[in-house]
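**Student:** Before I ask anything, let me first share the structure, which is written out below as C-alpha cells.
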Amino acid sequence: MSEIRQDIITNNNVVIAAKRGKRPHDFKDNKQVTEDNGYCPFCYGSEDDTPPEIIAVSNDPNRKANKPGWRVRVVPNKFAALDNDIELTEDKRGLYNKKSGFGVAEVVIESNEHHSTLGTHSLDHIEDIIKVLRSRYQKIATDERLKYIQMFKNCGSDAGASLEHPHWQVMATPVVPSAIKEELRGTKEFYNTKGSCVYCQMIDYEIKQEERIISNQDDFVAFSPYASRFPFESWILPKEHQKDFSQINEEQIKSLAKILKMIVRKLEVGFNHPPFNIILHTAPTVRDKEVIYHWHLEILPRLSKTAGFELGTGSFINPTPPELATEVLKEIEI
C-alpha cells in the first residue's frame, strides 16, 4: 500500500509507492561516464587551464602554486554563475526585485586521479577534502555580504556533472535560499513548541527505532529519512548539536570521512557507480545567535526521474520505501 508521508521539518509531502518496492536490480545500468573528449582541465599538467588556484593540499612543501604535486586543489569556477569581483547592488522595478550577480563560485578538485571516486579514496584523502571544504567555508563566511554558503558534489551527468573528474562546488550568495528558509522556519517552530532541536530529536528517535539506521557511529549517524524523496536517499548528521559546518572539529572530520566513504562506496558497489548528489545543508552565515539549525549532509542517488507530478506539486514519488532502502544498503558488502 502506498503512503503519503510528511516531512517533519518542511511539511512537504512524499508519496512512498511501496507496491513498486524497487531494489538495485530494478533500476537501469546506472554507470555514467561524462564525455571529456580525452581532455580534462582538472588533471595533472592542465593547471594553467584553470584560473589561478586559491589553495591546494600537497605532500611536497616545495611545490609551487599552479603546478603538479597537489592532492586537493581549489580554483575559481571558470564558468561561474556568480561573480565576487562585482559590486553588490539591489534594484526594484515595478513588481520585481533584483540584485546584481554577486557571489562566490569555486571548484574543489578532490583528487589528481581522473578516474578515482569518493568511495575509493583513502580515509586520509577524504579527511583532506573535508578540511579544505571547512577552510573555504570559514574564509567565505567572513564576508558579511554573503548570507549562505552552498557546498555540493554532482557525480554523473544525470546529477548535473559536466566533467567526469571528481570535484565539489562551492557557491555563496547574498540571499538565503528559499529551501533553507523553509527548513529554518520548521526548526524554529519545532523549537518553540518542543523546546529542542528537531534534528537532535530525529537522531534520538531514529536510533531508538533502528529500522532506518544505516550506520550509528560515535560522532555521526546515517539513516534513510522517513519522508525520503529519492530511492536510497540518506542523511549524515553530527550527533553533537552544531548549527553550521564551520564547527566541525578534527576528530569529527575523521569520523565523517569514515561514514561518508562507507555510504558512497555502498552506492558505487550496489548500483554500479550511479549518478548522485551530495548536498551540505547548513545554517546561514548571518550572525544570529537565535538561529536554530543542525547542519547535515544529504546523499541523493539519481535513480529515478523528476517528472510532471514533482514539478507541478513540489512533492516527490519514491518507489523505494526508506525502510527497504536501509535494509538493502546494510546488506551491500564493501
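One-based numbering along the chain as shown.
From the backbone N, Cα and C atoms, a Cβ is placed for every residue, glycine too.
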**Student:** Taking His121, His125, His165 as the options, which does TrEMBL list with Cys40, Cys43, His114 at the Zn(2+) site?
**Tutor:** His165
**Student:** His114, His165, His167: which of these recorded positions has the sparsest Cβ neighbourhood within 10 Å?
**Tutor:** His114
**Student:** For the domain 'HIT' (198-309), what are the DSSP-based totals of helix, strand and coil residues?
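**Tutor:** Across the domain 'HIT' (198-309), DSSP assigns the residues as follows: 39 helix, 25 strand, 48 coil.
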**Student:** Distance between Cys43 (Zn(2+) binding site) and His167 (active site, tele-UMP-histidine intermediate) at the Cα atoms, whole Å?
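**Tutor:** It is 11 Å, counting Cα to Cα.
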**Student:** Per DSSP, to which secondary structure element type does His167 (active site, tele-UMP-histidine intermediate) belong, with helix, strand and coil as the options?
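**Tutor:** It is in a strand.
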